[in-house]
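> Let me begin by handing over the structure; questions about it come next.
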Amino acid sequence: MVKQVSDSSEFKSIVCQDKLVVVDFFATWCGPCKAIAPKFEQFSNTYSDATFIKVDVDQLSEIAAEAGVHAMPSFFLYKNGEKIEEIVGANPAKLEASIKANL
C-alpha cells in the first residue's frame, strides 16, 4: 500500500523509520509519473517489508526542495532518515533492483 504524505512532519517521521522507505516524488501533471504509478503500487505490495510513500511536489514543495528533487518522477530510498539511493525518471527495472538491493 502506498501512502500519500500530507505534511513535512509526517514525511520526516516516516523516513526516519528503521526500515527501507521508498519515496515517489511526483507531480499530477507529469506524464511519466502517471505511467509508473501502477508499478510503484505493485512494488508496495510485492516488497511489504518496505514502506512506500508519495510526495506531491506542487503541494509539498518545501519537502521536495529540502530533499533536492530536481525532476519528476524521482524515487529516493531512505533508511533511518538517511537517503541511501536516488533514481530519477520512470525506470521500473532500476527502481525494483534498488529496492531489492536495500531491503
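Note: Cβ is positioned from N, Cα and C throughout, glycine not excepted.
So Swiss-Prot has the following annotated:
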type     : residues    : note
DOMAIN   : 2-103       : domain 'Thioredoxin'
SITE     : ASP24       : site 'Deprotonates C-terminal active site Cys'
ACT_SITE : CYS30       : active site, nucleophile
DISULFID : CYS30-CYS33 : disulfide bond
SITE     : GLY31       : site 'Contributes to redox potential value'
SITE     : PRO32       : site 'Contributes to redox potential value'
ACT_SITE : CYS33       : active site, nucleophile
> Tell me which of the recorded positions CYS30, CYS33 sits in the most Cβ-dense spot, judged by other Cβ atoms within 10 Å.
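Top count of Cβ atoms within 10 Å goes to CYS33.
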> Please state whether DSSP places PRO32 (site 'Contributes to redox potential value') in a helix, a strand or coil.
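Reduced to three states, the DSSP call for PRO32 (site 'Contributes to redox potential value') is helix.
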> Quick check for the class: what is the C-alpha distance, in angstrom and rounded, between GLY31 (site 'Contributes to redox potential value') and ASP24 (site 'Deprotonates C-terminal active site Cys')?
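Just about 14 Å between their Cα atoms.
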> If you draw a 10 Å sphere around the Cβ of PRO32 (site 'Contributes to redox potential value'), how many other Cβ atoms fall inside it, taking every protein chain shown into account?
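Taking every protein chain into account, the count is 15.
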